[in-house]
Amino acid sequence: MPRLNRPLTLSEKIVYGHLDDPASQEIERGKSYLRLRPDRVAMQDATAQMAMLQFISSGLSKVAVPSTIHCDHLIEAQVGGEKDLRRAKDINQEVYNFLATAGAKYGVGFWKPGSGIIHQIILENYAYPGVLLIGTDSHTPNGGGLGGICIGVGGADAVDVMAGIPWELKCPKVIGVKLTGSLSGWSSPKDVILKVAGILTVKGGTGAIVEYHGPGVDSISCTGMATICNMGAEIGATTSVFPYNHRMKKYLSKTGREDIANLADEFKDHLVPDPGCHYDQLIEINLSELKPHINGPFTPDLAHPVAEVGKVAEKEGWPLDIRVGLIGSCTNSSYEDMGRSAAVAKQALAHGLKCKSQFTITPGSEQIRATIERDGYAQILRDLGGIVLANACGPCIGQWDRKDIKKGEKNTIVTSYNRNFTGRNDANPETHAFVTSPEIVTALAIAGTLKFNPETDYLTGTDGKKFRLEAPDADELPKGEFDPGQDTYQHPPKDSSGQHVDVSPTSQRLQLLEPFDKWDGKDLEDLQILIKVKGKCTTDHISAAGPWLKFRGHLDNISNNLLIGAINIENGKANSVRNAVTQEFGPVPDTARYYKKHGIRWVVIGDENYGEGSSREHAALEPRHLGGRAIITKSFARIHETNLKKQGLLPLTFADPADYNKIHPVDKLTIQGLKDFTPGKPLKCIIKHPNGTQETILLNHTFNETQIEWFRAGSALNRMKELQQ
């Protein structure tokens, strides 16, 4: 970009290359809001319901950019792939029919249930070097493994792009991660991001793109780079990206996109960072010295070398016995991942061993499933004692009908997933979940204990002889072509004039949206505090997944899970808050509904990094639907803060984080300054204590002019309709 007159990072080249108005756009990292034109949109089925309902409300006839829906979130893991898929199609028929017909009517491609996990499908079909893609799932950055800028967003953001409106993003800072050396032995791409998560923590990447570079990059496969970018969501990063190289070219060619690979070769100098470019922060990792890692429990940034986790677990009182090992997920379900796990399994089988723990395998896509079946990997993993689940998210997002423990039973599981928040996988708050690479999961499932270190420890075969597992080796891609498996894609018809989309008014799964009320032009007086949250509050705490996923298209029904996982500072309990009118303690959603019925507007007080985790906009829609007006915290996760703004709520932060301690659940708050609401100007908050005393504090915000218009209109969707009139 000549006007900047400086070397650019790869992130800047791609992001600034998609500016709506590059000549006049203000560009300042971490400050200015960029107006961008993404190339495409992808939506998974749990978030696509609300996104398509909002798009229908917009009154537009067709999407303005290529868009797809992917059915991966609503398939519950019970007994195995085929039976679980048949059951999901039956249970979710109404939702799948809505998404298929809405896609056909509005020009959106539809990947049917069983096709695979959205991010694997994107990597196989839609990601390419230099693309700007947004997806309604927080792990959309997976596409950075193919050199694209792929960003997770809420459904309202997707609606903007599908409507042809420039998409706003605060100009990201850029964190450079320089990789030297090369991966070998038991170390894997997963260990890179587990190490980075330990360095940056769950909020260290907030507002930044993580850009990997350096000579070590060439030792990582394309799907390995995708693994690293995928789990960048766990450090709060806007996205992550790798520079174009021969590993990406090889993957593009193998997945039927040789023409794109040739085009990327032609422009390869534009698909890498410029020499001398500036990073806001620089981390260096020597891959030759990187040891296998395992992170957890309860948070993905608690990093341990595998060699040390057993001792730490003993000291902390974490269960050493591993009940279940689970491999797959959008993070680690590539051909190479399955091959490395099978290489470990073959060694154990040769000595007569099977898994001591239960063991599950989730293929990332129908193409991966069909290919690992053809090439024998799936059967090797079954022989070890594994169950091959459906090509879907499954236990990674809580879609797991777990039978081996009772709720409240303390236990340990190890997974190759990306998140391990309390209760996320199985709704049991006592499950200690650890994340690591698929090959380490496989080795630990064979040994059955966290104390096992495959680099140094021995197993005993059925013949009584001790042996040590050799570091796994596997092809990054099949020697022949991929087996595509069954055709699971529905292309939107050219003529959709006769297509109908029906939503029954009595449906318990789907509900057409009513516009939120506009701002009344007044300050927010005497807001009741619904809950003052203590500690970590992820989107899983705010709007749980698992069994609640079936209500993702019905705003009123899913609002019955509002903040049921958040810990109330007043009593240290989840889903128990004081009703300020009756003085009785009850569930959070019931209390919010009581306030709404009686015209009492309310606010939530939160801690650090409020709303980390998933991109689910239901965590913003629900408080708005039940009468919430503001969320006041020490800090926000990026996607959740934007989602709150989109729905007409006020995400505000304490100018002095210590002011969190001045507010008590029995207080009332008045937020002043909304009549003169301008970018960069703090709002005043008057804290009214029950004894009649008052305190005044300042609240910061990150609203720009456009976002202030969303607030005044009642939501971004309302504002879009105003502009259409």
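Yeah, the Cβs are placed from backbone N, Cα and C, and that goes for glycine too.
Within the chain, the compositional bias 'Basic and acidic residues' (473-482) has long-range Cβ neighbours (under 8 A, six or more residues past its boundaries) at 221-224, 247, 250-251, 254-255, 335-336, 339-340, 342-343, 367, 370-371, 375. What TrEMBL records for 473-482 is compositional bias 'Basic and acidic residues'.
Residues or ranges marked as region 'Disordered' in TrEMBL: 473-505.
Below 8 angstroms of C-beta separation, residues 53, 56, 98, 101-102, 104-107, 511-512 of the same chain, each at least six residues beyond the ends of the compositional bias 'Polar residues' (496-505), sit close to that stretch. Among the features that TrEMBL reports, compositional bias 'Polar residues' is placed at 496-505.
Under the heading domain 'Aconitase A/isopropylmalate dehydratase small subunit swivel', TrEMBL lists 528-656. Across the residues of the domain 'Aconitase A/isopropylmalate dehydratase small subunit swivel' (528-656), the predicted structure has a mean pLDDT of 96.
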